[in-house]
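Notes for the one structure printed next.
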Amino acid sequence: MRLIVLLCIFASGLLTSCGLTSESDGLIRNVRAAEEQDQLAGSTIIGGEQASDSSLPAEGTTEPKTEKLLNQDSSSNVESKPEMSTSQSVETGPTAEPSSQPEPTSAIEHEPKPESEPAPVSIKQPAPEPSGLPTVDDDVEQISAEDYGDNTESVSHLPVLLTVLKCPLSNHITLFLKRKYFHCILNENSDNYGHEHGALVFIFPFRINGNFQTKPDEVDNDAIQQLVDRFLNTGSTDEGKEAKVNKAAQALINSSAYWEMSSIQPEHSIKDPAEAKKWVDGYSAEAQKVLYQVTTAGWSYVTSVSHLTKQIFDEAEEVLAEFLKSSSKQAKQFDLSSIDDPSLRKQLQMLSVNGMNALDDASFKEFNEIQSKINKMIAEVGICELDKPPPCLLKHADIPSILARENKAENAQHIWMAWRRAIAEDLAPSYERLMQLTNQGAVLNGFSDGGAMWRSPYDLSIEGGRAKLNMLEELNRLFEQILPFYKQLHAYVRRQLAGIYGIENVPQLTKDGPIPAHLLKSIAGDSWVALYHETKPFDSDDIRSEQILENLQRLNYTAKGMFVEAYKYFKQLGFGKLPKPLWTKSVFSRTWSKDMVCQPSVAYDMRDGNDFRIKSCAQLGDTDFKMAHKLIAQVYYEYLYREQPLPFREAANPSILAAITNAFSLLATNTDYLKSLQLLPATASEGQAAQVNGLYFQALGEFVKLPFDLVADNWRFNIFEGKTNKDTWNDDWWRLSEHYQGVKPAARRSATDFDAIAAPAIAQMHSPAMRHFIGYIMQFQILKALCRNTTSLHEGCRLQKSSVENMKKVMMLGSSINWMEAMKMLTGSDQLDAKPLLEYYEPLISWLGNANEHDQVVVGWEGAGTPFSENEVPVPRTNTSEADLHQVLSADQVAFPGGDCSNGQECLLDSTCKNGMCECNEGLYTLKIGNTHNCVPGNPADAGFGDGHGGLVIGLFPEEKMSTAEPSAEPQPNSKPEPEPKAKAAQGCALSTVLLTVIVCAVARSISGS
């Protein structure tokens, strides 16, 4: 049905545009005639609205709507605080806070409407000058893109006065000016640059021997495309010119004394507290301007990915790095011992730490280039399938989905080995240099090495230079607390793997030793979730997910409606009202008209104290229902600390932010809460099978990462401290993996191997893994504190207002308190403790203990390597049981035609995952309309609407060869036919367009119905 509507809309659009193609020659003659008479016929469009104009086309013609691009003063600039472009299609919300009733009225998520355009400004047109129109050779003028519905910076255009003729699909333009031919280009980025209808394009005149020509003998499309690409990427058509496009961010450089480094005083030389206070206040004002540019540029990029928005974002981050480099050096001028105010002293301490920005410019550039090189190589390197010759087409994005379905140990081992061989040799020297540069940056910040710098937010060494905690001892203490549970889980999974792969196929898998890493169905062995369906404790499935989805649809929820419900949850707890921009500027669901960065879903503080947004690609289901509560909790955290001084406007540390928001995500699964929303039946209850299976799924996805976190951090700490080097670090990796995880390599390894780089936590996230480890421990401590009276922590509880009073206080204080002080306020203790985590998982721990004892499973991996006997191997489940086939998958487990399936998502709508993308099944055709892919049984080309590349073509484009048919065998006459009278031509166009509309609708019904 969606296909029919789209096709009919496209076709009906031709009724209003038919004159554009059939009468272009007559129109061109009119424009040229008007030029000769120093008059320009046509209606004037100002700011996207039509203004009255007494000029009329020549008598007897039917002129299409035209648009004059009026010269703007070259000094015009965008506002210092640009709002989100109205061309960005978002799901707009209520102008007031959401009502108490579910807002959605339809189960279908419609494309949100953009905010209304501002009223047009009437501009009086000057009378034509006797000398005629200015020539293209005159001075280059500035045409502000802001006048065409965008807030990006002004861009240069050659023509002083243009006449633009809109084409049927609103993204092609034919333009003639002063008898000079201009090639007009399909504007794929019209949303970023142009008019709301995509009518503004980039126009490049042809030059021959330095002179403009009426029309070139040949059109060099490759050269034109190079000009377009250069302009889109650099803002200029000049070769080698590195033009900056983010003018607003660039304008901040050296705009105040906080960018100055030439006159900085020696460290700790300024002892006047009043001067320090004045400096911090001025810093906050300047930093807010810079951060605003970074957040707005970042928002534009993640909600509308393009080369331009990426460049704008990168340039904003470069400006931020430059600002932090200068301001951190200035902060070190002040003598902290002379400052009595603890808040002021802490702000200066925080501002004096500059991270890797402390490196000199060359080293900082090298640091970033190495990380880019590693990420690029991991994304681009391909490996071959077992016994398949080159070309090797399996990419990193393909491997997770392949391993998730691979039950042949030989194939899994091949992929595991081949991937490491493909990347290790080239990346080892680069990674070694990356670690050296990290150490250099740490020393410049006053730390002994990179590991000490990474641990500083947790051991609190930033507050005075001496660590208040020995984090390595703390992490090992926590590990000892969770180790009995992990060993039970490890023993159960190890025995299940013997059944999945067969003991004859994996002789290295023993009943008392470590698990070979390639059997865990993940690249790095840090997640075992792909083993769930084949190893789950009970065959029965929890129907809660299906019930929640059905009721969300029955109650006409939309993606935004789930966030509204989460908002009401917090309002009932006394959290107060959030600002209007949350509902008018957020993106709650995928905007299909643009490319978006969907993962991860995040909450944005736009750094102006009133603008808070959410970026999400949510879909109906229990997974994103929980995520909505998590993100609203994050928005409240950001909103409540907005009154703090700028350096304190963040969480006490990254782990506590994750812990608080994840605790609310768990509370959103409470059965009584879901019943109150009618998302579960009143009689719903969770039996033992559903409880154990649910906890088992969580453990495979998150709990098993805790030992891996310790491996990743301890391995890097040893390199930072010089305990290992490139010749010994692979042995150290597997020593730590066996100690903490009970995992060993798939085959014998050597000193020349570099297996750690295969882990995303090592290669793609150059940051401490303890952030996840500590946050995961904390979230259950916080959950326990919120649900003090519950007897089953895994079921959560219904909160009361009194339960969250301390939570609101912690949020309001931001990072003015450290994480230990925050935990003291939240839980009554400033110590990390894994006991609440074990209480949460108690039903699973109890079941695993009984099951392993019943089956006489060896617990632990320090044995002699005793092989399994035949009677010790369980009967394997199939990877696609009947129950699994009917399981309701969450949004992150499915993908649609043309979508990404690289992380094991199931392809829907008659498509199959191939090379990381959902492609239509064999025998079906791919029909592309905009960004939408449809799998249809009939070939659109057979109906005359295919472009030969899977696309849909509606409309006539004389300058483009759309037909794939064989050329006519009959010779074509050389004589030019007599032109058809204008009125008759117009009638013929109208008649043919009406017929075309009927045909298109009929074909659409045929395609979708067959």
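Cβ coordinates come from backbone N, Cα and C, glycine included.
Look at TrEMBL and you will find 1-19 tagged as signal peptide.
For 41-137 (among others), the entry in TrEMBL reads region 'Disordered'.
Residues or ranges marked as compositional bias 'Polar residues' in TrEMBL: 71-104.
Secondary structure from DSSP puts Cys384 (disulfide bond) in coil. Per TrEMBL, the feature disulfide bond maps to Cys384-Cys392 (among others).
DSSP assigns Tyr458 (chloride binding site) to a helical segment in the three-state reduction. Listed in sequence order, Leu469, Met471, Asn653, Ser655, Met770, Ile774, Trp819 are the same-chain residues six or more apart from Tyr458 (chloride binding site) with CB atoms under 8 A from its CB. Annotation source TrEMBL lists chloride binding site at Tyr458, Arg771.
Among the features that TrEMBL reports, disulfide bond is placed at Cys598-Cys617 (among others). Of all the Cβ atoms in the protein chains shown, 18 others lie within 10 Å of the Cβ of Cys617 (disulfide bond).
Within the same chain, residues at least six positions away from Cys797 (disulfide bond) with a Cβ under 8 Å of its Cβ are Leu667, Asn670, Leu786, Cys787, Asn789, Thr790. Positions annotated as disulfide bond by TrEMBL: Cys787-Cys797 (among others).
The domain 'EB' annotation in TrEMBL covers 894-925. If you look at the domain 'EB' (894-925), the same-chain residues 6 or more away from its ends with a CB under 8 A from one of its CBs are 393, 395, 397-398, 400-401, 404-405, 530, 931-940, 950.
Taken from TrEMBL, the feature region 'Disordered' covers 962-984 (among others).
In the three-state DSSP assignment, the secondary structure recorded for Arg771 (chloride binding site) is helix. For the pair formed by Cys392 (disulfide bond) and Cys617 (disulfide bond), distance between Cα atoms is given as 33 Å, rounded to the nearest Å. Assigned with DSSP, the residues of the domain 'EB' (894-925) fall into helix, strand and coil as follows: 0 helix, 14 strand, 18 coil. In the shown protein chains, 16 other C-beta atoms lie within 10 A of the C-beta of Cys384 (disulfide bond). Highest Cβ count within 10 Å among the disulfide-bonded residues Cys392, Cys598, Cys787: Cys787. Spacing of Cys617 (disulfide bond) relative to Cys384 (disulfide bond) is 33 Å (Cα to Cα, whole number). Counted within 10 Å of its Cβ, the other Cβ atoms near Arg771 (chloride binding site) come to 20, all protein chains included.
Distance from the CA of Cys598 (disulfide bond) to the CA of Cys384 (disulfide bond) is 29 Å. Distance between Cα atoms for Arg771 (chloride binding site) and Cys598 (disulfide bond): 22 Å, as a whole number.
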